[in-house]
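Read the structure below first, then the notes.
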């Protein structure tokens, strides 16, 4: 594959020029709610650009997985209908963090364009910002001035946000020739098809203040991005990105599955392009730990899947098919992205489950569509509200709705539809926009040099100094008795909550006062904050203090954390290698582990998992911790890493018996320290995600003791030895079942006897028999039995109405024989008209309906009303 060669050569080029190759971050940022998806190579370096994080390197190069399908950058609706829009793409990039600037960035880009991309220099053009004389002069070394263009802020100024780092940018374009347009220069190429942009170089040299002032940055940075798919298309000289390399390989697989040949110019061509693109977004997102859902990123992922399914229908796919395309994707991208290969089973299971669910939804949507078409008949126009509901709820694209409307010669109220679209996007924007509370803000406002050294792996107590105090969400210099606040220490043994493990609690004290630490957090890189309350005395900044972690709680938390690792490995060994951690929480009392699995665990599964963990505890293996290069870990299949997480150059490997994981948390010294492991609960938390809750040590033993006490009480109540409890309970259940059958038989006999009497009470009109009967509250418990029995006796031309009372309301059941429903007589219509005057409500079908009402007239009036209704219906 050309893309594999280009990617590899690009990264090698920059690695040979002292750039550190950095692995792609996940397609969705775990710690940045300001964006839905990773949409550029610079996303993972955002805090470095902002000066909030330090790194061991000043130059980096990446091939970043990106998704543009939500928020500010949303290409979803264009995919399949243009030559180059994609929801998933790879962005090649090189970065400088206060190292080189424009001269080297431009020099590197020119060399790569010629030696790696093999572009003819006579067809390369550049744009610069109209005020960027430096960049213009640098490009003059490589290009004639008539192929360098000055553009405005709109095209050549980049900013991360309204305030903060920003700067001029320079774009590289390639002239694809007159075949793609008659424009003589990029300025005339309105749609950008002939002069195709292939690389953007961003020069971050300013810091924009809230009033718009541009101040010079102390550290100037470079951020570049080149779309790999676009480069491949240029080199392969294809008209669109879909005719080359990976995407064409996927289209070939779709051709094979559908039995339909792809033609770029035919209407069905869009379906091939949509599926080929969307399967990449879906697969990489699931591999990185995201699942389809009803909110935020999960909702966008579900929209992508449903869009792919809808386009698949145009190719004849009327059953789940996306999972069948996944192996072809892994064949061509699995080597570059091992997380894809490791997650094949999980990806396929999630896709199939979602597709099955959506096909059922589409059946309901099809019914709704027919209702919409029927209700629109008089105006020959589908309302904007209905069109939006079909698109938003059932995933029917607006162009598909438009085609259906065209078949009926209907118009669509597009003004209302587009208004609702805008409102929905605004709601989505507000939901995903990062909200900063006051406490977040005050932490960000702290001096960047105000950091803490964590020494808590080796000790639980140390003498240190107070570096900072926060009180009432403001930076302060002291805390007085009773004050709640936060303390920052120069060095600290307190573990800050992260990676699923709760932060430490304990005390910070000196002769002047004692601060009770309730929780410890790390609001930003390098900063450890101790939250709590001053129980006595006073404390001020710069004071010498002692920091003491609660030893008992730390030990129990550490044991639980190691137990969580053993549980994770036991799940994988018991259920299969598709198991992946989807979240965890560990404190001193419990373990909570979320994992990918599509069905509930059987009692046998849970017993096997619990037994395996306890076996490893009894083996009392030492828990070893070592720091290694992340590059070494990437080549090891033994060490469990979480592909959705971001790691530094040096990582911490925790080994406990058969478990080996990357982890920054605290752990037991040996597996035997855990003592005993007990699963307390297993349940679903989302589609494809299960959760196990467990505990260890004394807490687990207490649960076992409590259950033993319960067993003793049960044995006493049912008068059985403990070892015979199950036999006795089964015997009692069988007796109960037999008694229930006897009761049911007696009730049926009672109903049958009463029905024989009721047959003589039936009246007749229009050759149709009918009955109105009031049941006592006790009889009303068998209201369906009565209706079934009498309609069995009178199977045709018969309508019955049954009334009883329950909880102060009237319960009404209407039944209509099947032959009458074919003549237009509907049970739910009868009941709705009958209850409407009294504020009642009902539901049901043509043959049977049930409702309730606080009021009803006398039975004689109901009898008369039913008689009149039948006469009207069958006249």
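Placement of Cβ uses the backbone N, Cα and C atoms for every residue, glycine included.
Residues annotated as Zn(2+) binding site in Swiss-Prot: 561, 565, 663, 667. Secondary structure at residue 561 (Zn(2+) binding site), taken from DSSP and collapsed to helix, strand or coil, is helix. A simple way to gauge crowding: the CB of residue 561 (Zn(2+) binding site) has 27 other CB atoms within 10 angstroms, across all the protein chains here.
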For the binding-site residues listed here (565, 667), tell me which residue's CB has the most neighbouring CB atoms inside 10 Å.
565
Note down the number of other Cβ atoms within 10 Å of the Cβ of residue 663 (Zn(2+) binding site), including every protein chain shown.
24
Additional residues around Zn(2+), ordered along the sequence, whose Cβ is within 8 Å of the centroid of 561, 565, 663, 667:
501, 558, 562, 564, 623, 654, 656, 661, 665, 666
